[in-house]
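What follows is a short report on a single structure.
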Amino acid sequence: MLTFMKILHLFGLMLGAGGGLGSMMVGIQAKRAGGPPPPALLALRKNFALAALIGVLLLWATGLWMWLVDYGGAWLGTAFAVKIAAAVLILAILVAARIAMARTAPGSPPPAFIQRLGPVSGLLSYIAVALAVIVFT
Ligand code: HEM
């Protein structure tokens with residue numbers, strides 16, 4: 001079961017990374033458009049944001065499963081605790097972005113604080129991956 005959950009964990013990582021990177025690139029193109037972004041770009045923005053959220057939720061579901069079932073919820077060290085703290089922040093940023101986007105008029109750019117937090121969540125995911133490899137090698 002650990003192997004299966006770890007495969008799904010890494011699928012979540014792929015989905016989250018793809019969605020995050022896609023969102024960032026769509027954001028850059030939308031800014032370059034100079035006026036209101038074309039509808040196709042806005043549709044992509046939604047798709048990538050959803051992919052990122054589903055990926056991170058999959059990481060959480062499978063990660064919690066592995067930790068609770070396979071490791072008995074044990075203390076796995078400081079690096080693991082920091083990895084989980086990074087995962088909490090990533091999830092919080094994605095949820096905040098979703099709430100903020102639901103409140104803005106369709107087609108308008110994300111609020112400034114979301115634009116600043118996007119790259120932060122990207123950086124946090126690099127940290128989480130590095131720490132995971134350090135902990136479990
Ligand atoms: C942004 C969120 C996360 C990222 C990027 C991430 C990334 C990774 C990666 C790359 C591995 C494989 C490490 C290796 O085998 O060398 C891994 C393993 C693992 N992760 Fe996560 N993870 C995330 C969230 C979580 C959460 C929230 C939990 C638990 C609450 C968790 C628990 C685990 C566990 C227990 C393993 C070890 C599986 C094993 O025994 O090999 N992860 N994670």
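Heads up, the Cβ atoms here are built off N, Cα and C, so glycines get one too.
Annotations in TrEMBL come from automatic prediction, not curation.
Lifted from TrEMBL, the feature list:
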TRANSMEM  6-28  transmembrane segment
TRANSMEM  48-68  transmembrane segment
TRANSMEM  74-96  transmembrane segment
TRANSMEM  117-136  transmembrane segment
>> Under 8 Å between C-beta atoms and at least six residues away from its ends: which parts of the chain pack against the transmembrane segment (74-96)?
In response: 49, 52-53, 56-57, 59-60, 63, 67, 114, 117-118, 120-121, 124-125, 127-128, 131-132, 134-135
> Mind checking which residues reach the transmembrane segment (48-68)? Cβ under 8 Å, same chain, six or more beyond either end.
Replying inline: 2, 5-6, 8-9, 11-20, 22-23, 26, 76, 87, 90-91, 94-95, 97-98, 101
